[in-house]
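What Swiss-Prot lists as active site, proton donor/acceptor is His154, Ser277. What Swiss-Prot records for Thr106, Thr107, Arg233, Thr278, Lys283, Arg284, Asn285 is fumarate binding site.
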Amino acid sequence: MASHLIDFLLIGNNFGTPEMRAVWSEQNRLTRQVDVEIALALAEGDLGVIPQDAASTIASHANASALNIEEIAQDAVRMKHSLMPTIAAIQRQCGEAGEYIHYGVTTQDVVDTATVLQLRQAFDIVVRDTRLVAIELKRLAKKHQHTLMTGRTHGMQALPTTFGFKLAVWLDEFVRHLQRLNEIRERVLVGNINGAIGTYASFGELGPEIERHTLTRLGLNTPNIGWQSARDRFSEYASVTVLISGTLGKIGNELYNLMRTEINEIEEPFSEGKIGSTTMPHKRNPAALEGLASLTAPLFKSAALIHESMKVEHERDAMSWRAEWIALPEINIYLSAQLQNALGILRGMSVNEKQMRANLDLQNGLLLSEKVMFEIGKLLGKQTAHHLVYECSMAAFEQNREFKALLLEHPVLSQHLTADTLDTWLDPANYVGSAPQKVDEVIRYADGTGLLAE
């Protein structure tokens, strides 16, 4: 019976994906540990450290899918050790050749390297889905390059912008996330096969070569020196997941706000039969957006646990190590849910362009006060213009009147304005700056990196 929300049948997919849960499942953990033991045996057989026929037998007979996890778990309770029962089970599968299982390595060598194998699987999923989200953002940014909407600062209406510009900001972030993932891959996907305290003493002179051969077989990079007490690789990966999750959480929160009834500029995908409330039949709640935004906080907390694991006692200890066992699966599973959720939202959300345009007019023209100020400033000076336009702006607020009318009535400003001139200045379409051009620039840059290519 599942005891963590991640694995609940009813709501588990709110917190992770089946694909990512499979990567961090107990069975896959065991499988990757067996993979390490096989690769080690083959490397040692090739180098003459153990008999070649024993290595071949281990490779052909060690089978994680045939191991009984429940029996191994019972032995773990008795032995008070996390790996020895697995080694014993593999030994039984291999007969006499089993004497050469786990030859020279320590538990952490196998567990850490197996964890990196799992992380490689997770890494590929994260890269794939991060790229897919970036592709959707690129598509939407171009589609809405000229879609006018209100830009808001401090929660209040500020200036006109375009929805495509907002999306391009997010796209640019995602390109940087892909660049980060690309950069850290070589540093993070590194195995560790060097004995009890990392000195290769149990392997003899062939130690570094055994490590290199083993890790090459596994498709992992070889460290310059053992990293049992240097956990920065996992911490760096966690840091990048934090950045990706942070952007996803921000997107979820922003779209959540734009979906508010009073703003009504977008709506997350809606399907027949979707229920918003058990008591209010009319509700079309932003459930997917809430889910997207909500996972950032727990991911941040789990990532912090990985950062804390960088503090290691002497050459190694299990206190920090075990925290990674908890947190690495969590950050990847949470992130997988966020990425898949974001994909569904971006692919299916509705954009209410009509309401976006209507919201530009909510303040009776005040959204263009900056435009008026700078135009008047060319004649009277910026500071004087700010003072005079401020007077009209506050009067528009307090009297609930049209900004244009107050400008035309102002004893000083009216001398420099005409109704036709104000109509041009107060048209939001004429004051989006370089927003459309920046959308194209971001898309060109994204395409130029090659990171969005299939």
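Note: Cβ is positioned from N, Cα and C throughout, glycine not excepted.
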Closest to His154 (active site, proton donor/acceptor): which of the binding-site residues Thr106, Thr107, Arg233, going by Cα position?
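It is Arg233, whose Cα lies nearest.
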Cβ-Cβ under 8 Å from Arg233 (fumarate binding site), same chain, 6 or more residues apart: which ones?
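Those within reach of Arg233 (fumarate binding site), by Cβ under 8 Å and sequence separation of 6 or more, are Arg187, Val188, Val190, Trp227.
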Could you tell me which of these binding-site residues, Thr106, Thr107, Asn285, has the fewest other Cβ atoms within 10 Å of its Cβ?
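Among the binding-site residues Thr106, Thr107, Asn285, the sparsest Cβ neighbourhood within 10 Å belongs to Asn285.
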By the count of other Cβ atoms within 10 Å, pick out the sparsest of the recorded positions His154, Arg284.
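Ranked by other Cβ atoms within 10 Å, the recorded positions His154, Arg284 bottom out at His154.
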